[in-house]
Each structure stands twice: as C-alpha cells, then as structure tokens.
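S.K.: My structure is below; once you've seen it, I'll send some questions.
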C-alpha cells in the first residue's frame, strides 16, 4: 500500500543549529525519488525526518508538516513508533542484529512489535527474503548468524527486514555506498522491483545511480559550510539530468562543483 | 649480455667497502635478549652472593637493572641509537611484567602448596562445631555456606539494580540527574568496605535488628552496585548506535529495543562484569566481622542468627595461632581462590557463548 508524502515548510535542527531550511515537496507513490547533493547539505537529515528518526539524535528537532496521505506525521497525537512501522528505513552501512540468525533478523520487526501470527511467520520471512532477492542464497542457512553474510547480502538482509513489516514507504540512506558494483547492481534491480509495491526515497552520492533507478530527483545544496541545506529543485529525473531549470543543478551534475 | 659484461669484469675488481645500503644494517641475533637475560641474571646472582646480600629481592632487582643496561649498551654499539631505545622499552616492559607476575605466582604457589595439605572432602563437608583450635580436624562447610548465601543475596539485589541504573545512564539519562547518578556511583566505588559495614551496622542498631547473613549481604550490596553499574555502562556504550537505530526504524519501541537488541548484544560483557563484582565482594572481611558476627556452627538460614564466611574463617583461624588452625586458614584461602577462579571461568564461558556470532 504505497502512500504519497507531502512535505511542507519542513526545517530540522540539531540543538540550535539549523540543518535544513523550509523544504516543501511531494513524493509520489509507487515511484523512486532520489535525493542528490553535496555532503552536509542535509539529504540524510531530511530523509530521517520522514520517519521521525531525526528526533532520536540528541538535540534533534523538527518544524513543519509531513503529510502521509493527508495524515501529519508530526501531529500532536502521533506515536513515532507507529510512524516507523509505516515508513521503513535502510541505512548506509548494513546493520543486521549480531545476536540473531538470518531468520530472526527478518522476523525481528514482527516479533518485537508483537503483531504476528506464529504460523504465518515462516511464510512472511520467506516472502521478504524472496522480495529482497536473497532467498536462494540463504534458504539453507536461515539459522546461521546474519553477520556471516557478505556486505551486499547483509544489505539485502536489512532490506528484507525492513519490508517484512509491510511498510508503505521505504527510505534508503545511501544503501549502496558500502558495496561493490555487483552488489550495487543487485540492490538497484531490487529497488526497481520494490517500487511496484512501495513508495521509495533514496539518498545517493552516485549520480549515475540516481539516473538509473529514480523516477524523480531532488537536488539539495547549501549556501556555505555551516549554513542550512535547501532544496534547489525537484523534477523528473530525465529533466534534471538533461535540462535542469536551475544553473546550480547543472553545475553539480556536470561536475563543475561539488 | 651477461656474457659480455663478465668478460669486461674479468680483471680482479677491488672488493667494495662494506655495502652502503640504506635499508639493511647490522642487527643482533634474534635470541640476543635471552643471552642478555642469562648473563645479567648470572652477574646479579654472582655480585649478590659476593657482596653477601641476604635478600633474593635485591639479587633480582640488580639483575633487572643489569639486563636493562646490557641490552641498551649492546644494541647501541651493534645497531644504532633508535634500535637501542626500542630495545630498552621492550626490556622495560618485560621486566615490569615479571616483577608484576612474581608476587602473583608466589602467592598462588604458597596457597596451593600449603592449602592442599588440609583440603579434602572432610574439610569441605564439616563445620568447626566442637573443634578446639589445636585439633587437626574441623572444616569449612559453615563458612562456605555463609559465603555462598551472603554473596548470592548481594548479587540478587545488586545485579538488577546495577543493570537498570546502567541502562538508565546509557539509554535514557541526560542532564543533571544523570550527572549526579554518575558522580555518586563514582563516589560509591571508593567506599571502604568497613564504612559500608558501619553504615549497615548503624541502621541495624537503630532498627533493633540482630546480626545475620542478610545484614552482611546488604553491606556487600553497597560495595557491589557501583562495580556492576560501571562495567555494565561500559558494555552498553560499546553496542553500536546503528543497531539501536535499525531497531527503532523497524517501529520497535525503545524499551523492547533495549531489552531485545541492546542487552543481548552486550550480555557477554555484562555477565563478565557481574562475575568480577562477585569475585570482589567474596573476599570482603570487614562487613562480615561487624554484621554477621561469625559462628562455628552450620547456620543455613541467612535471615536469622550468626553465620560465618570464608574470609572471616581465614581471619579467625589465623588468630587462633596454632599449627592446625594455620593449616585450616590456608585451606580456606585455597577454597576462596578456587571459588573466585571458577566464577571467572564461568564468566568467560558465558561471554564466549553469548558473544555476537560471526561464523558462517
């Protein structure tokens, strides 16, 4: 059940430091939206505001609205735990739980939320691992620890773990930056399949990757070091990479700065 | 090509002076330090004997000094200054290591050799009831029970308290309260055991309670809590933040994240910390003298009446001052060391068994 995200007037702070300033955009359902921009421009911070992970950081604070199909994530009665069940996240470095087996890692979200039927668990785990294109590689060693897998497999395990709880949106924070080109390819293919079912937002430093996997691309930039990051423009990926409407975007994409 | 060059170099070439290579230089043989050690020990013993020093400690210290000097001088002559400094530092580390280990080994050796004379099944299963000081019978059973119960109760109270305090400090605490808790835990670490004993004694007197194993256990609790908090805190800090974030991002509430992800990841280290804390309090004597009172009889009830404990038993037997009681004191010391050693092994076992797995 993919959902649309409407962000309006969103600013995020670390203590008194403003990291991103007044961002408004719409993320379309059943599509891949890529965030690109130089380091420190607040892409990851912005991504983390979309499932209320930003406030986990000490001093993290958010102003503005994020509407998930007309429901404000920052409304006064909204429980961040429920938000995170609806909006899943995959991190930069693969982080399977080291004390758990492959099976338990995928089942972790359901088990620890307490919302599952016991006999359905094995099916959900298999479905999620198939969904992450990992089933064939691990089906004979589901009881082995997840940390014994290779980096690319671990990252797909983390994706399986994230989709097992059936979120509406999947956030990916540079999911391939710690991986080799072959694992990257596997994950990019996977993103292409997952967008049939989820709304996907991906942060990437790799512009070819943004061009390959995304439908729409948002370019972020900051005026100077220490200044808050801003959204420069968001458009169809094809347009951003061929004929962007802002000069800074073209400069960044063509490698003239950044 | 090579043929042509040999013909050119047919005439005797003057052997070049020692190869001036920038990468290789003269080095001492690999076993040289061992030689230095043998020579300096021989010299130390020789000089010590010649000068008529009685203390073997003096011989040892002289040998150590000679060893350092010989290694430094020999290396700076044969190799160079930098290598000599390196050798000096290495030798210093070895000497310090030996100086630290000698007393430990000597202590273990003395305890084992003197303790094993009396240590047998009879000793472990009998109390001192009706045994007079000079008699070579009696046993440690009542003290062993006392130690197990007092330490057990202290652990039951302080392990959960310490664990939860550490969880608070690492996962929730911020601001003035957390700082205050950290400060008081640090202060508590430095409390002498006799002060903890006096504290409980004063409560005991105010409340009109009688000495019992429980009172001793309470004093041990005061000593144990800060150790558990400290070690658990360090272990929880070692859990990567990414694991917490991964769990939170799955929509798992914070308390379940701590319970199911953070604690299992750190459980090996936490168990080791608790075991070490137990080992520390198992050897405490002062609070036991004040609060448990000591007894010659088997009293399995820690909540009523005087008990004994291993360190108290050792002190008591030593005070009697007879040959037979000295033997009993050494045997009890051996039992205490074995108890602590077993706890350590158990802790290592748990740490290895629970450690995050990396195997395929």
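Along the chain as shown, the residues are counted starting at 1.
Placement of Cβ uses the backbone N, Cα and C atoms for every residue, glycine included.
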S.K.: Pick from B:239-260, B:261-282, B:283-304: which stretch is listed in TrEMBL under transmembrane segment?
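M.R.: TrEMBL lists transmembrane segment for residues B:261-282.
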S.K.: Give the one range among B:90-112, B:182-206, B:261-282 whose Cβ atoms make the most pairs under 8 Å with those of the transmembrane segment (B:151-170).
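M.R.: The stretch with the most contacts is B:261-282.
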S.K.: Where else in the chain does the transmembrane segment (B:212-229) make close Cβ contacts, counting only residues six or more beyond its ends and a cut-off under 8 Å?
M.R.: 146, 149-155, 157-159, 161-163, 165-166, 169, 185-186, 188-189, 191, 193, 196-197, 199-201, 204, 273-274, 276-278, 280-281, 284, 287-288, 290-292, 299, 301-307, 309
S.K.: Ranking B:31-53, B:59-78, B:90-112, B:182-206, B:261-282 by the number of C-beta pairs under 8 Å to the transmembrane segment (B:329-351), which range is first?
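M.R.: Per the Cβ count, the answer is B:261-282.
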S.K.: Within the same chain, where does the transmembrane segment (B:59-78) have neighbours whose Cβ lies under 8 angstroms from its own Cβ atoms, ignoring anything closer than 6 residues to its ends? I mean 6 or more beyond.
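M.R.: For the transmembrane segment (B:59-78), the far contacts come to 26-28, 32-33, 36-37, 39-41, 43-45, 47-49, 53, 84, 86-88, 91-92, 95, 98-99, 102.
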